[in-house]
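Novice: Just lifted these from TrEMBL, have a look:
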BINDING   F:35, F:65, F:68, F:150, F:183  Mn(2+) binding site
BINDING   F:56, F:60, F:215, F:217, F:219  Ca(2+) binding site
REGION    F:267-301  region 'Disordered'
COMPBIAS  F:292-301  compositional bias 'Low complexity'
């Protein structure tokens, strides 16, 4: 059961309204690396996890992320407070209002559609969707997803800090960024508390394909490093035109029943390309009467 | 520049058509953990990376994932080959055809809408969207995202293998699963080849918040583990009702210009809730004449 | 700041695992009328509302909806617990597992992709998106949206109850349904606590168009009722072919600068339809040589 | 059957092209509160409604909304007519054209991608999706959704009017806004023409939970009003840490079959967190050799 | 201005309710090749087209497609009429109801979420989105898009007819299918009424690249046909490893200002991969103590 | 199997970084008419096509489009290289950085969220989704879709060229545009190589509806042209209010079983609109005590 304490987790002090900056902040409210995605990622995992310690940690952090969502949402609300009132009350000349909300980067949509309240979109107005959440219900994968998600969120906060002139906003972003670092450390500890967490899951790989590095991109720029050299790797230069790495004929096959085969052949006959004609085409028609060489028609029309 | 070798990377041998199984396989063609998402994740990173070795590796693996996309797509095409022909040529009684495509789990949509060709949807028919790709252009985050993505893809293949009765499909899935393990190892090597890759990015955390574990979820089930105990952690029991962890008043503030304040106050006055009345409401009206106690109207209407 | 109490708001007692029923329950976890949409609708409004009483209510209810999200998510987790373990550990014959997860209605995706954890999708696997949230930052509109949202959620719970055989699930759904009724009453009270809440917002309508009912759909089935009869309505039978209700020429106009006009005319000339020819078309070509009457070509090619 | 009268419902007179203003107008063409969403909301309800009067009204209004869609689309087409021609014919210097389409707020996408025609996106370029439509096929809910939708649409028009300097556009927006007010009144009449429309649907609530107000958000800012005080409410201060409001153990339970339990236990064992070690983690490795205190490894590696 | 005639364009006579068939029919109501997409494709084009004849045709057909949308929606409403009533009134035993709505292919979602009314989703429950509409405001492209869209819609109707046992539904689908054929012919005529409609638009291609066919996919299966042989084509076998077809160095370049270069170099240094070490990785840690050969650590930790 | 040659297909030479121009270029990287959509359209068709020549062509072109994706992605990477480094390293004053990334049209999101790497969004930040791909597995439809897609892509490149001042970018765009023309010609040849490709598919139309042109939009602007005049067309002026074109009663019908009918009637009774009252509504309440004429209440409350 969730409860709410009316104090923010972090005291937000914004210097002055700035709808343009507000729109940037949405990146961490309703963006892919934002706080709702974080909270829901851990919450959906925590509900279904059987391990008591990990479950506790996941819900602790999910709850903290909801508290962060409130912090960043409150920043947005403060930054838009000025324009919100003016727009609702038509407190300015129309042209001033228009200029005010169309300074750039999405602040017009934030003002017009969402009335200055924090919206579950990113800074470009893209609606949040649950495709941002990559929980799959296997801790040896999910914890790695969480580690990565925290790393990404840390970077987005770092970038926002780099472009934010308002000292109060900057400080709050610093807090939020720091907590992502702390969360990443927690998830790392939880992952490595699972014995034999690599490879993830239960099933071992096929030994003949586990240690091969296939050089699929070739030319000036080919390079070697610990990811494809050393005793644990077999480096394979794939030759263009070679057969499958599995051997075999390199074409997909399936056994069809007789009536299936008949139907397939019927389709093939109906949609067969004739290679013995050079048909006049719509493009030929469209190119106009003087289009010349491409219209050498065959006997088709 | 990409090139295509007409041999598959892995020879696919499907026993017989099975549209129901085909629909499951879409999970790795157009699903969130599937091969297109993988290929595009690494490709978008590789194009913009400045480090020559990492760039080479990213493009190598992106290219391999495109080759995997072709393998899984070919499996789908083989599994649907029977129903595709029959549907196109109306080669069966209508009721048999109907039964054939509505056996369950999305095979009807695969047949009707996509004509049996592999579609960029997951097994539930959800359209692939680029929200599945989490590249952000910072290697210390992106490599962690890649590690996690490979772990997830490995698990989805493992689950598909567990439910696939066709031995040829099972074997091809085994190859694809194994390569995800190999890729994860490569990305791990690449991440740890970057000195000081933690915390990701450049900016250090605020020291006072880096090592705290906030116990936000409390009650029977609270637990301790390496993620919140030991010398590197300060475990903080957050009390319900306490002030912000940052100190301060716990409310967001912003300084408004006079005309902004006037507009805000005007909105507040216009939309003020009266707490001194108990108004009749639409629900009261809707509850009907005998609805009783809730309709104690005040002087509002 | 949010906190979490490890007790559920409502004790969930599920009789036995049932992945098919679990998939239905997702409708209220990650569906459009589900608990996340509810929580986020009220939370985004509450953060930006200036009225202290309404703000308090919005956050109270948002917090309760998060607690409901946990209840419905826990129901899903219990209903999938059986298949989840079997799939992860391959604890059954492949064909039994396949049959188990493809009983119908999305349970295959829930199992394969989400590993049996509650997912932010509806019962068809459609990813949750923030387009479900209709908050616009004006209380006289938002409260009406909330009233409607609670009414919808109530109905979806009612339908789920009607199809749920498990008594423990049924009871928990009854609780959740009832709370939607209670919330609707709260939002009704809050709406009617605002004086002059109709029309919503500030600007009055144009008097000549406020009370007209335009009969745009005509024929057998035309009907009258309180929505278009009585002294407050002017019923207008729109005649097919009549001019605009505003008067005027009925065509959109704009004044173009000379160089704009020139460019528009240039485009018009370039893409002009000739009405003096009967051109051969691609369809004519495609219809084959004996297609007859449609190929009366003009002098175009 | 729909028919089209070549006269607009309202004569649109635009002063001069303005692609920036055009982009704002898209909010009501392809935005969530726009005319397509309105038309489709009522149309999908009307098709399936059994009540003759309500069905007639729904189709009347749906048809009018399609006519509004044409009005707002024509405004967009007029506002973009200048840039459209110039871009298609390259009628200006490249740099002037570039400046022209990148004045801000989405006009670049409207020009480049949609060629200046009205697009089914909102003012930020977000594609319209059917998640905006909340029809659920129960009139006591759907009519409330319609009332709310009209209220929201009214507000968006009001905001657009407040920022529109063009008098012809302003006037047309005034007409459209006014009609939303009229429609809201119609839907209100239709809702209250249904006896006992509250609670919506058929099933009564559980009496013990119908009148309780749970105070879930606590602290400085707690407030009382008609939504939680008065004889119809029981105000419940939820204590942090208390048990479920339903009583019971507060944990979800399910009865597993023996082989299900075995599989669950196997998963739990495989993914168990060890709490007796402090493992070296990836973050520890990444922090570099001098990272100090966090690397107190246990016997794990 | 749109008007509505209460007669359907085509009289729909459904034999008996069948929710499973209803779900399939959604493909043409809210699917990508369905009637809403068609209507909106032509409507958005027609509003902005300057050519009077083409504009008239586009609006004629858009209006007809709206009338088709009503026909297919009415089919869905008839097919779901039985289950809709039962679900709303709980007129059956719970288990019968559950069985009734979970027969397969999306009918559960249609019943539970949409209450049996036609929904703007495809047959898999995927929400309609405006990405299905490809209008770009240039008639020489848009008319080709329309031709293709009609061809696709024709095929989907053909497939639906092939699986529909109900004779009344089959007949109505036949009408709808036939009209797509007629529309395709109209759009073909309109396209070829534009002189010099190929290449589309205004700008000619670069002559050196207009007639080349690049053989990018090579091996067993290479083929020739009118699309790559004959006098109008130059067939180019691209050699793997060759330079760019444009000549030049084959690498992207940009001139950076000094401070830009400095920043890029700083990033490169910070995120440099060391190729002289074989670092211990997270995967190595996770593989457990006996994992052997992969853990040959270098001096990194 | 795909392979990658480290040379670009076309040598890209960008003059100087320009994040604003980069954002426009995204239209062809991750936009609906962009290169990923093209590659995936042909690739999904090619995998399942049975005709050897057409299959070869589809994969050849799909592979070339992937190579184009790399070209346009490299342009984006070059154009953002400057701001990317500065943002990552905070190499400028905060206010300069802020100004730099918020010049307009999406460059802020490209910088903040994607770190300057090419992103699979369009120029407005809309995430790419597979709804852009219209492959349906029938060559007589798919080839027409491909022809149309190439025509659209050609136009978008033409528009980008018209607004691009950078000569190196302009030249590369010219190459990409030209190849779309060449591809269109290839697909035209392939379509017309299929005998009797019109109507698409197998089933003939119903003769009575194949050649009719329904004049559904009427009034000043009605026009005639080759699409509705000439011997192959029967021009039908649809009268407003007429019956269905099919004859019959113009209403949808279905036969219900007795218990279905009972349930439907029960719903109808429960949700019946009373037309004999003029109920007080929520709007009446909200309009305030002096709202006058609309509150003539009937005996309802």
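Just so you know, glycine gets a Cβ as well, placed from its N, Cα and C.
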Novice: Could you give the Cα-Cα distance between residue F:183 (Mn(2+) binding site) and residue F:60 (Ca(2+) binding site), in whole Å?
Specialist: 10
Novice: How many neighbouring Cβ atoms, not counting its own, are there within 10 Å of the Cβ of residue F:65 (Mn(2+) binding site)?
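Specialist: The Cβ of residue F:65 (Mn(2+) binding site) has 27 Cβ neighbours within 10 Å.
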Novice: So if the criterion is CB under 8 Å to a CB of chain D, which of the binding-site residues F:35, F:56, F:60, F:150, F:183 qualify?
Specialist: none
Novice: Reduced to three states, what secondary structure does DSSP give residue F:217 (Ca(2+) binding site)?
Specialist: strand
Novice: List the residues of the same chain that sit at least 6 positions away from residue F:35 (Mn(2+) binding site) in sequence and have their Cβ under 8 Å from its Cβ, in sequence order, or write 'none'.
Specialist: F:28, F:29, F:65, F:66, F:68, F:69, F:72, F:176
Novice: Whole-number Å only: compute the distance from the Cα of residue F:56 (Ca(2+) binding site) to the Cα of residue F:150 (Mn(2+) binding site).
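Specialist: Their Cα atoms are separated by 18 Å.
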Novice: For the C-alpha pair, I'd like the distance in angstrom between residue F:219 (Ca(2+) binding site) and residue F:150 (Mn(2+) binding site), rounded off.
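Specialist: Each residue's Cα considered, residue F:219 (Ca(2+) binding site) and residue F:150 (Mn(2+) binding site) end up 36 Å apart.
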Novice: So if the criterion is CB under 8 Å to a CB of chain E, which of the binding-site residues F:35, F:56, F:60, F:65, F:183, F:217 qualify?
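Specialist: Qualifying residues, whose Cβ lies under 8 Å from chain E: F:56, F:60, F:217.
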Novice: Compute the C-alpha separation of residue F:215 (Ca(2+) binding site) from residue F:150 (Mn(2+) binding site), stating it in Å without decimals.
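Specialist: One finds 31 Å between the Cα atoms of these residues.
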Novice: Counting Cβ atoms within 10 Å of each candidate's own Cβ, which of the binding-site residues F:215, F:217 comes out highest?
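Specialist: Compared across F:215, F:217, the most Cβ atoms within 10 Å surround F:217.
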Novice: Less than 8 Å, Cβ to Cβ, versus chain C; work out which of the binding-site residues F:56, F:60, F:65, F:68, F:183, F:215 satisfy that and list them by sequence.
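Specialist: It is none; no candidate comes close enough.
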Novice: Would you list the other residues of this chain near Mn(2+) - those whose C-beta lies within 8 angstroms of the C-beta centroid of F:35, F:65, F:68, F:150, F:183 - in sequence order?
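Specialist: Filtered neighbour residues, in order: F:38, F:39, F:61, F:64, F:153, F:176, F:179, F:180.
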Novice: Roughly how many Å separate the Cα of residue F:60 (Ca(2+) binding site) from that of residue F:150 (Mn(2+) binding site), to the nearest whole number?
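Specialist: That separation, Cα to Cα, works out to 15 Å.
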Novice: Can you give me the same-chain residues 6 or more apart in sequence from residue F:150 (Mn(2+) binding site) with a CB-CB distance under 8 Å?
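Specialist: Expected: F:38, F:180, F:181, F:183, F:184, F:187.
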Novice: Test of understanding: give the count of other CB atoms lying within 10 angstroms of the CB of residue F:219 (Ca(2+) binding site).
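Specialist: I count 16 other Cβ atoms within 10 Å of it.
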